[in-house]
Amino acid sequence: MENNENLNVSTALLACGESVPGLREPKYAPGAEVAEPEREAYSADPSDRSISSLSSSFSSMFHPLSSSSSSSRGSVLSLSPPLPPSVELSAIMTDTRLTLDVYLGGAAALPLVWGYDPDHLRGIKYLRLGSEGKPGLDAALDVLPHMTGLHSLTIRGHRFYDSRGDPLPGLLTSLPGSMSNLSHLKHVDLSFNQLTFMPSCLLQLPVLSTLLLCHNHISALPPDLGQLSSLTYLSLMGNKLVSVPPSVGQLKALQRLDVSHNVLQQLPDEIGFLGELVKLELSHNKLKQLPDSMGSLVSLRELVIYSNEFRVIPKCLNELPLLTMDVRDNPLGKPPTPPPLPPVPDHPKIQKLHLGSNKHSFFVSSAGRHVFLPGGAELTFPPGCLMTTTKFTWGEKRPNRKWVWLEEHDILLSRPLELCPHGVTFLKPVEVCVPYHRTKRGEVVLRTFDGQTWSTLPTELRRGSEEHCCYPGGRPARLACSFVSHFSWFMAVSRPVRDTCSVTPAGALLVSSSNPGIKLHFPPDATAQTRTITLQVLQVSEFEVQALCGDPQARVSPLLCLSQTPVSQFLQPVKVQIPLPPGISGHEADVSQLHVLHGDPAAQTWTDITSQVSLYVTHLYAIFYITHFSWYWLWYTTQRCVSGVVRKVYQRLKQFKVQFLVLQRKTDPAQVLLQCLPANKMEGRVQSLSEQYDGPHPSDLCDLLEGEQFFAGFERGLDIVTDRPDCVEGRLCFVFYSSLKNVKEVYVCSAQGQKGPVRGQVSFYRGEIPSNLPEEVAKRRKGLDTQWLATLPLRLPALNSDNSFNLEELQYPLLNLGDPESGYLTEANLLSISLQIGRDWRVIGINLGLSYEELDRIQYKHRDNLGALVLDMLFHWARGQRNAGPGSVSRLVAAMTESGRRDLAEEIEDIVSLGRRKYTESLKRVGLEAESSSVGEAQQ
């Protein structure tokens with residue numbers, strides 16, 4: 001028996017083309033311990049272990065495979081190597097299943113198992129192998145044709161990863177022809193390997209129903225592919241196919257076909273013969289049209305064609321009412337692409353320029369330049385865009401409600417970037433890239449301002465250069481880029497995805513890229529002239545709607561925003577198809593509770609037009625007809641006054657749930673940070689500030705619109721200096737933008753006459769009521785002031801000589817520069833300026849006249865705190881100006897200009913101008929101006 005057993009193993013090994021040196025015959029007797037042969041060292045790389053090296057590890061051990069084998073054997077197979085020593089045969093094999101792809105190089109164990117118990121292996125139905133080790137895989141392929149009971153075979157790569165985290169590739173390049181003997185094989189998965197063609201043996205498998213050849217290198221399919229008459233699922237995703245053979249039409253049982261991520265340019269007409277096809281995936285190819293025969297695919301329910309080159313959808317698909325399509329990233333409705341321009345001779349690589357935060361100007365010559373601005377923005381001037389060397393300036397502006405233009409449902413994602421001079425014209429387009437904050441809703445576009453109106457530019461999104469990260473070690477900024485012919489203001493905005501097409505008298509079909517179930521069918525003769533149609537889809541949360549309207553049964557479909565140019569009614573009704581609300585089926589729903597609402601964006605009204613649009617439903621969709629474009633919303637609700645409910649819900653959906661934050665710096669309680677953020681961002685913000693700031697918990701939830709103005713008022717013994725442009729009637733002015741920081745820092749002090757600790761508060765109030773603010777929201781405001789939002793406590797402690805700041809200095813005359821007649825800056829003004837200086841502090845200090853010794857002392861004192869360093873430098877200089885006579889403000893403006901911070905110089909001039917105007921007004925109130933004028937005339 002011993003000789004026969006060893007002979008079986010040796011034969012199996014020799015059949016794989018390997019020798020069996022040193023194979024020792026086990027010596028054992030009943031009741032005696034089994035002697036284990038010597039083993040070779042275990043190799044970490046399975047590709048280095050041949051079957052000959054594995055043969056020396058074969059030995060007799062314990063725990064036989066089954067009771068029948070235990071009577072005939074006194075030992076079992078050792079699987080180490082290639083498997084770890086702790087793995088026993090029972091861990092990888094059951095009566096019908098053998099799993100060898102969970103261990104690196106596990107395929108090499110198949111010949112060992114075959115030599116040990118071939119009868120059992122012939123009855124295995126399910127086999128899984130990894131293909132990352134070439135010698136072991138080749139040996140396993142020699143055994144496969146003998147496993148005639150197989151129903152499912154998986155040989156996949158990408159099962160393991162190397163030390164860098166990259167998946168190990170599969171090394172399978174072909175299958176032995178004798179595998180055609182596996183007549184019971186139904187499922188084959190050979191994904192993530194090196195196949196360059198479909199193995200011919202697969203075409204001889206009579207019952208094969210599932211074939212997965214994903215992510216190989218197959219460039220062509222065999223012409224006799226139709227022999228696989230039992231095939232129901234075929235996946236060739238991620239190969240190099242340029243065409244599909246006509247014989248695909250013979251796969252009469254095929255239900256799902258996936259040829260996505262190839263380079264297909266056309267499909268054969270025979271694909272229309274696949275009468276059982278339910279899902280067809282064609283995404284990420286180079287298809288420009290589909291065969292008309294696809295109108296015969298009556299079973300087709302899902303067609304995925306995104307990321308191709310379709311400009312029109314075949315009319316034949318209109319005959320498939322239950323079909324849903326994903327058509328994203330196709331140039332639908334756009335004119336044909338013009339022929340490529342002649343090749344342009346290569347230009348030398350343009351020079352790169354990285355600007356520091358203190359550099360707000362730069363020069364560009366006719367040779368071009370790639371300019372990197374602080375914060376992540378990039379400007380690319382191609383060679384030849386300018387005739388002569390030109391000076392440019394840049395600056396980031398705080399968003400101003402008077403000229404930041406946002407459409408309905410828009411979100412501002414960046415601060416406006418101003419590029420000057422505005423009037424310069426480029427000979428070639430210049431690329432402007434604006435960094436923007438991440439968004440999960442809609443699409444990102446770049447807008448520009450021409451001095452009167454904002455317009456949207458064609459926008460491309462990409463990451464910035466690796467060498468220009470905003471933060472050390474961080475990822476490059478997200479950029480919204482566009483080519484422009486002149487400079488102006490630019491900003492990034494998020495809006496609902498916009499789909500457009502041109503409608504001619506011949507008709508058209510427009511499918512939403514964000515929801516392929518939404519379609520607009522324009523019949524022939526619907527228009528006498530070509531029109532440009534725009535479709536936007538706004539997804540709405542079912543739970544928000546139910547909470548706002550108080551109806552737990554309420555359901556809504558996506559909101560459709562339709563527009564056209566020119567604006568006029570259609571000559572024929574336009575068919576609108578929209579998915580039924582979630583959870584609603586056309587065969588079971590009460591149609592009387594379905595309502596089509598028409599919205600007027602200008603009047604902010606909603607009207608129930610169900611009876612006017614011929615509404616009918618299928619199992620999945622609602623279909624109605626319209627003759628003019630506006631907003632349309634499908635509701636399912638039990639409430640009667642639908643129009644009023646919809647108006648309230650829509651207004652509330654536009655508002656953001658926000659919280660307010662009031663914190664004091666630990667090292668200086670008089671320095672206060674105020675911020676307003678959406679509620680989902682507040683927790684992370686509080687944690688990031690906790691090391692440097694103290695204060696009460698954030699406020700309760702409040703509602704604000706994007707771009708809505710609000711104010712912060714300091715009350716109950718607290719005060720701030722009001723001579724700053726963002727103060728209105730003693731309140732600090734903000735504008736809320738959900739993706740921006742909405743933060744300011746100010747100095748507070750005790751109100752006039754207050755002594756000792758002050759237990760004050762900061763209250764937040766709305767500014768002007770926006771025209772689109774719902775009336776019922778404004779009516780329900782709390783407190784005496786109907787515009788009140790929230791109040792947070794703010795305690796200013798009593799100060800003594802041990803504190804870091806002096807109460808007397810804050811409570812009495814503040815640290816001012818200049819004089820009221822020529823203009824002055826207060827301590828709060830200086831704080832606001834210091835927060836914007838940043839790392840330019842040293843060059844500004846030098847231009848202010850501070851000595852290197854003074855700057856070095858300040859830097860050493862605050863070497864771990866940039867904010868305190870800047871404050872100390874600026875206030876040290878300001879205190880030295882008390883006895884320096886007039887002109888201190890002018891000296892500060894000049895220093896900012898010389899340091900390249902023209903933005904701060906302009907801000908100081910604005911503050912001084914405001915103070916000078918207030919001083920003049922105060923003279924008028926007390927009659928001093930007239931008196932001084934008369935004195936001047938008498939002197940003349």
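Note: Cβ is positioned from N, Cα and C throughout, glycine not excepted.
Feature annotations, courtesy of TrEMBL:
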type	residues	note
ACT_SITE	H486	active site
ACT_SITE	S488	active site
ACT_SITE	H628	active site
ACT_SITE	S630	active site
COMPBIAS	36-48	compositional bias 'Basic and acidic residues'
DOMAIN	826-912	domain 'Death'
REGION	21-48	region 'Disordered'
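Across the active-site residues listed here (H486, H628), the residue whose Cβ sits among the most other Cβ atoms within 10 Å is H486. Looking only at the active-site residues S488, S630, the densest Cβ neighbourhood within 10 Å occurs at S488.
Residue pair H628 (active site) / H486 (active site) shows a Cα separation of 37 Å. Cα spacing between H486 (active site) and S630 (active site): 34 Å, rounded to the nearest whole number. Secondary structure counts, DSSP: the domain 'Death' (826-912) has 64 helix, 0 strand, 23 coil. Between the CA atoms of S488 (active site) and S630 (active site) there is a gap of 32 Å, rounded to the nearest whole number.
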